[in-house]
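First comes the structure, then the notes that go with it.
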Amino acid sequence: MKGKLITLEGIDGSGKSTITSRLGSNPEFSEFVFTREPTTGWIGEAVNRAIHSDTDHLAELLLFTADHAEHISKLILPALESGTNVISDRYSGSRYAYQAVTLKGRFPDPMKWIRGIHEGWTVDPDMTILFDIDPKIAVERCGNRGAQTKFEKIGFLEEVRANYLQLAKEYPDRFVVIDTDRPVDIVEKDVLSAIFSLVGTGRE
Ligand SMILES: Nc1ncnc2c1ncn2[C@@H]1O[C@H](COP(=O)(O)OP(=O)(O)OP(=O)(O)O)[C@@H](O)[C@H]1O
Ligand SMILES: Cc1cn([C@H]2C[C@H](O)[C@@H](COP(=O)(O)O)O2)c(=O)[nH]c1=O
């Protein structure tokens, strides 16, 4: 039986890493593979150089997409085919939401164009958990933590959030939208119940 692919998406500071780290130390998830995009491989390192510089936005998208291709062939597909469930902190949804903003004006419909270059080879998630929050609160949280990328600006993240919500509307069967402007324990409870609704629990 194939494993399930669960992706965590949301704007910077929406709380994905906090919840991923809680899931990672939960024994119910000991058999899961945890991963992320950008990856920690050499293409992921190149992506990190791009997002910390004024790299051309199309070049940046193509780097992110190359990282995704490597991620799929080396980790995602082998894990799913061996029956292992995978949780990825960011995945293709990040490109559809973020680069559709950075590439505005470069293509008539940037999100459509970006989705087009993924067609035929990407693996769509079985479930995407969207960490939804007002960018003002997220940026304030990032401020406490220290801004990590050039994307952590309220106006930009408002557009990214709108793109995510558009995707969630388009794929209601796959997206679970969780309000993360609530205490971490409550957010975690909702995330666990979404994941268990897809994969069941080890206790059944
Ligand atoms: N529910 C919450 N309530 C209050 N603070 C939170 C909550 N969740 C996370 N935080 C804090 O907000 C900051 C950003 O959280 P986190 O790093 O988990 O976000 P993220 O979505 O992984 O961000 P990025 O995508 O930029 O890596 C951290 O300082 C974290 O401790
Ligand atoms: C995968 C991916 C990521 N991004 C952006 C989103 C964040 O600002 C950074 C990634 O760093 P983080 O540690 O997850 O905060 O890059 C993007 O614009 N497009 C993508 O495909």
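The backbone N, Cα and C atoms fix where each Cβ goes, glycine too.
A TrEMBL annotation is a machine prediction, not a hand-curated record.
According to TrEMBL, the features are:
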- Gly10, Ile11, Asp12, Gly13, Ser14, Gly15, Lys16, Ser17: ATP binding site (BINDING)
- 8-190: domain 'Thymidylate kinase-like' (DOMAIN)
Coarse DSSP state, helix versus strand versus coil, of Lys16 (ATP binding site): helix
For Ser14 (ATP binding site), the number of other Cβ atoms found within 10 Å of its own Cβ: 28
DSSP three-state assignment for Gly10 (ATP binding site): strand
8 Å Cβ shell about Gly10, Ile11, Asp12, Gly13, Ser14, Gly15, Lys16, Ser17 centroid, ATP site members excluded: Phe131, Ile133, Ala138, Thr180
